[in-house]
Amino acid sequence: MNIISLQISTCTKKKPFHAIQSTLSHYRALCSHRPRRIKRLDNAIRVLDIISSKTRVDTSSQVHLRLIQDFLQTDSNHFTQDSASSSDSTTVRLPNVFDEILESSVFSEEDSVSTDLDLHEERLRIDASVLSNAVSSCGSTRDIRRGIQYHCLAIRCGFVANVYVGSSLISFYSKCCQTNSAYKLFEEMPVRNVVSWTAIIAAFAQEWEVEMCLELYCKMRDSTLNPNEYTFTSILSACTSSGAFGQGRSVHCQTIQMGFDSYVHVANALVSMYCKCGSVDEAFHVFNNMPSKDIVSWNSMIAGYAQHGFALQAMDLFEEMKKQREKPDAITYLGVLSSCRHSGLVKEGKLYFNSMVEHGLKPELDHYSCMVDLLGRAGLLEEARDFIKKMPIHPNAVIWGSLLSSCRLHGDVWIGIQAAESRLLLEPECAATHVQLANLYASVKCWDQAAKVRKLMKDKGLKTNAGYSWIDIKSQVYRFRAEDKSNTSLSEILAVLDCLVDHMRTSGFPPEMQVENFDDALNESL
């Protein structure tokens, strides 16, 4: 019998169930292995009582048994949490309560459900802080199954009304990409504090929902609660991800007004936001006026310079960083290498790459990818290919993709074909690589091979996703998707683009137009 949904009735302790109802409907889809055999139906009904009413249930109903079987598809591994209830870091073990109830032989069939749970609570010494830490751990590990169980336990034990447990549950659901469940839980919280508001704002920030973040921020201010530095950091991260420059500047004004602009976390977020939105001068102004800087501050500014091609500024800042006795880390070197890559500084890039070992840092895949892209952009394609072959770690699809892009840029078809084939071995479902490989075959008139690649794409049902760009005008973000003609101002936009192309030509910078499709020739061979 298929169970479409579960209507959980109100238990004797009236607590909100809306969020847990929504999440339980998705639970079975997340379970991949067979449920363990439940020995006693009576014990299974006890678990149902934990997540629903204490009303006596008909034990002959197979619907309830099926529910329990579906719900308890989880491993019985125990994990350890650090309790923050005392100054000492005490280790508290929180076993799977549901598994213990099912497998325990301590209790007789005549024991009441409330007695069972009370004994378990006494044994586990569960309190709000321990449960909050357990939920936070589930969020960190994206353990949706175990987190749902702790949510059920919080409802049954009366901890769901605790503001810290509720805030931990909001963060847990948002980290597990269950933003709707997080918001429903937030709406049902009887008491909210700054942690709760910041948790839900951060949930929408990771989805780039800038408008929703600002709306929640306004509601928070209307509730007489004041934000903290982490609230502003979350809002600024949303502005950074979506390129919302106007909103980011408004938030910056708020931080100055409330005195949070000097906080290092807020200042770092401002540097990243201004760099992402193209205002490097304002980013450096924030960076230069920071009363104290940490490694994230230096890395953010160096990465901002690298992003916009200011290689000399990035390298100067790197040297200044070392003068200030701030030890660079792997991310610092990644920023410097990226700046060399964008500016074609091969000699300097090699120097920085080799100096990583001198500072006790082991290059990772991202650093190798930067070097391959640096060599490839400079036209040193054979050296880039040999560099990949000599890597002490196995190259990933990104590295082969960097070499492939460089081969397309410099017209080296045969190395490009090798790079595309190597990437497809790692990402066989990548539609873009299939298209690039087909175009490379077609460019040297290998029509049979190109046709086979196209047919393989068709058989697999692979399609490329259209790219898009965006621009911020008067605090509103406008997005443009490739081949999208729905914009009512399309003719005016195209006219401006034509003017820009003409200006590039007259200035001696003709745009590079590469033919990406050979559909007519391929269709003849298919």
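Glycine is treated like the rest: Cβ placed from N, Cα and C.
What you see is a predicted model, and the numbers here were worked out from it, not measured in a lab.
Model confidence over the repeat 'PPR' (193-227) is summarised by a mean pLDDT of 87. Feature annotation from TrEMBL assigns repeat 'PPR' to 193-227 (among others).
Outside the repeat 'PPR' (263-293) by six or more residues, the chain places 229-230, 232-233, 236-237, 239-241, 243-245, 248, 252, 255, 300-301, 303-305, 307-308, 310, 324, 326, 472 with a CB less than 8 A from a CB of the stretch. Among the features that TrEMBL reports, repeat 'PPR' is placed at 263-293 (among others).
In the repeat 'PPR' (294-328), the DSSP tally of helix, strand and coil residues is 26 helix, 0 strand, 9 coil. If you look up TrEMBL, you'll see 294-328 (among others) marked as repeat 'PPR'.
Helix first, then strand, then coil: DSSP counts for the repeat 'PPR' (329-363) stand at 27 helix, 0 strand, 8 coil. If you look up TrEMBL, you'll see 329-363 (among others) marked as repeat 'PPR'.
Long-range contacts of the repeat 'PPR' (193-227) within its own chain (CB-CB distance under 8 A, at least 6 residues past either end) are made by residues 163-164, 166-167, 170-171, 173-174, 179, 182-183, 186, 234-235, 237-239, 241-242, 244, 247, 251, 258, 260, 477. Using DSSP to sort the residues of the repeat 'PPR' (263-293) gives these counts of helix, strand and coil: 22 helix, 0 strand, 9 coil.
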